[in-house]
Ligand code: NAD
């Protein structure tokens, strides 16, 4: 295998986490202890694994973590009360609501209830709007991780043609906004795009966030393209269950300049950027408090 073509998510995530750990130490020297509250409603097995991994990673980098497990029959109002309590708690800097929520809970209301400055997932409309205006905000973790991998792989992204396949609020749309902010020319493809291969074949950079196992083969790619595969799909292969991406990795490898594997590509970057967002949020909240108290002092004296 051409291992030099692999974009190593684990190694890149380790680099981000090392920086986060150093930032946490600096904050602790100023008596700030970054803290992340994670809310899990119900008992979805995959969500339980994700939450456990987030808590473990937080501990590794020195971020205090608090886990709030709520039963499946929790009402929207009860969830909103917990979020309001966490918003008001100045010792907590990040609030993460693990998705998906049970069907009876109003997901949009719950996500909008999280204070924008504690919204470490970047799903609040204020952060979504800010990102679409090209401002520096708390941006969603998976696309932020993809952008980091692209910057490490391609260097300057200005003027590159990037095709994003998928338009979800969690990955596709924020990915497109981040690439626009990085001065790429961006095309977004989705399930209603006619002839997606034709458009995709024009791309220097392809980000696949579809959720269809091995949908993208060499016929979708310009020779030399850089490919980021966000998809995580479980398939049965020769009686064995395993994970594959949205890209048919083996068949495109000879065709591309660089590609992320699945697993070991984008996955580790998501948690690393959650930690990074938590530290960014802690720093921003501390600075906001300091400017408030300075303004108060000025108004008194
Ligand atoms: P989603 O189902 O919300 O969105 C999928 C998108 O793909 C939709 O916008 C749809 O229009 C588009 N689509 C579907 N079929 C298509 C086709 N044939 N051609 C072009 N577009 C098509 O999914 P999502 O939440 O954005 O996740 C996408 C994938 O990324 C999933 O496999 C998910 O598990 C994975 N994911 C991975 C991470 C990670 O950390 N690595 C994080 C989030 C999601």
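Going from the start of the chain as shown, residues are counted 1 onward.
Every residue gets a Cβ built from N, Cα and C, even glycine.
The structure displayed is predicted, hence computed values, not measured ones.
Per TrEMBL, domain 'Tetrahydrofolate dehydrogenase/cyclohydrolase catalytic' is recorded for 7-121. Mean model confidence for the domain 'Tetrahydrofolate dehydrogenase/cyclohydrolase catalytic' (7-121) is a pLDDT of 98.
Residues or ranges marked as domain 'Tetrahydrofolate dehydrogenase/cyclohydrolase NAD(P)-binding' by TrEMBL: 140-284.
Annotation source TrEMBL lists NADP(+) binding site at 166, 167, 168, 232. Shown in sequence order, 173, 176, 188, 190 are the residues of the chain, 6+ apart in sequence, with a C-beta less than 8 angstroms from the C-beta of residue 167 (NADP(+) binding site). DSSP assigns residue 167 (NADP(+) binding site) to coil in the three-state reduction, placing it in neither a helix nor a strand.
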So how many of the residues in the domain 'Tetrahydrofolate dehydrogenase/cyclohydrolase catalytic' (7-121) end up helix, strand or coil by DSSP?
61 helix, 18 strand, 36 coil
One finds that other Cβ atoms within 10 Å of the Cβ of residue 166 (NADP(+) binding site) number exactly 23
